[in-house]
Amino acid sequence: MKVIRVKNQEEGGQVAFSLLKESLAHGAKTLGLATGSTPLTFYKEIVKSDLSFSDVTSINLDEYVGLPVEHDQSYDYFMRENLFNHKPFKENYLPNGLAKDLSVEVSRYDNLIAEHPIDFQILGIGRNGHIGFNEPGTPFDIRTHVVDLEESTIEANSRFFASKEDVPKQAVSMGIASIMESKMIVLMAFGKEKAYAVKEMITGPITESLPASVLQNHDNVIVIVDEEAASELD
C-alpha cells in the first residue's frame, strides 16, 4: 500500500487524476467510481481535462434503495451533476435501487462487473472503515448485495436530507470481493475525522470489523491523504 500525502483535497484530486491518466495511457477501459464529497476534486479534474472518455465505461460502487434517479440525493443524480453531464463516457452503470426484485438486480450487477473488469477503482473511506456501503462485519468474499445501513452511516448522510428520517435505510453495494478484483485501487481520505480509519486500514489487523483493512491484501493500492487524515500515521 503506497501512501501519498497532499496539502489539501484539491491537490489530492490532481494526484488521483494524474494516476488515472497514466492508467488510461496503459489501456484502462473501465473505471470504478464512488460518490460523496471525497472524489469531487478528482471529478473536477476529469471534467476540465481535454481527455476523451468516449471509449471508457464506468461502474459505480453503490446506490440507495428507494430513491428515484431524479432525487437530488440519489447517486445517479450525483454522478450526472458532477461528471456524466459534463464528460461523455461510452457507458455509465449504477445499481438500480428501484428494482422490483433486488435479488435479480444484484445478479445483474455482478454480471456487469464480470463483463467489464475494473481497471481503476476510486474509493473513499467511512469513519468506521466502510468502503462502498460495505459496513463493518461484511464478509470479505461477498459480491454485490443489499445492505442495511449502519446507524453511523445514516447519521453521516443525514446532513444531505431534510431530516434523518428521510435517509434511506438500505443500499445496493458492490461487494468487497468485487472491489478487490480491480487492477488498481486509489483510495482518497481527507479530514481529521478519517484519521483513525486510515491508520487502522494501513497499520491495523486485517479484520471484517474494519472493511478497508482488506486492502492490505491487494498488490496495487495507492492511498491519497491530506495532513489531517494522515495525522495518526507514524
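Yeah, the Cβs are placed from backbone N, Cα and C, and that goes for glycine too.
Annotated active site, proton acceptor per Swiss-Prot: Asp62, His130, in sequence order, evidence recorded as sequence analysis. Sequence annotations record features per position, and here Swiss-Prot assigns active site, for ring-opening step to Asn128, Glu135 based on sequence analysis.
In the three-state DSSP classification, His130 (active site, proton acceptor) falls within coil.
In the three-state DSSP classification, Asp62 (active site, proton acceptor) falls within a strand. Rounded to a whole value, the Cα-Cα separation of Asn128 (active site, for ring-opening step) and Glu135 (active site, for ring-opening step) is 8 Å. A simple way to gauge crowding: the CB of Asn128 (active site, for ring-opening step) has 18 other CB atoms within 10 angstroms, across all the protein chains here.
Put simply, Asp62 (active site, proton acceptor) is 12 Å from His130 (active site, proton acceptor) when counted between their Cα atoms. Cα of Asp62 (active site, proton acceptor) to Cα of Glu135 (active site, for ring-opening step): a span of 13 Å. Non-local neighbourhood of Glu135 (active site, for ring-opening step): Asn128, Val147, Leu149, Glu150, Thr153, Pro211, each in the same chain, at least six residues away, with C-beta under 8 Å from its C-beta.
When Cβ atoms from all protein chains are considered, those within 10 Å of His130 (active site, proton acceptor) total 24, not counting its own. The Cβ of Asp62 (active site, proton acceptor) has 22 other Cβ atoms within 10 Å, all protein chains considered.
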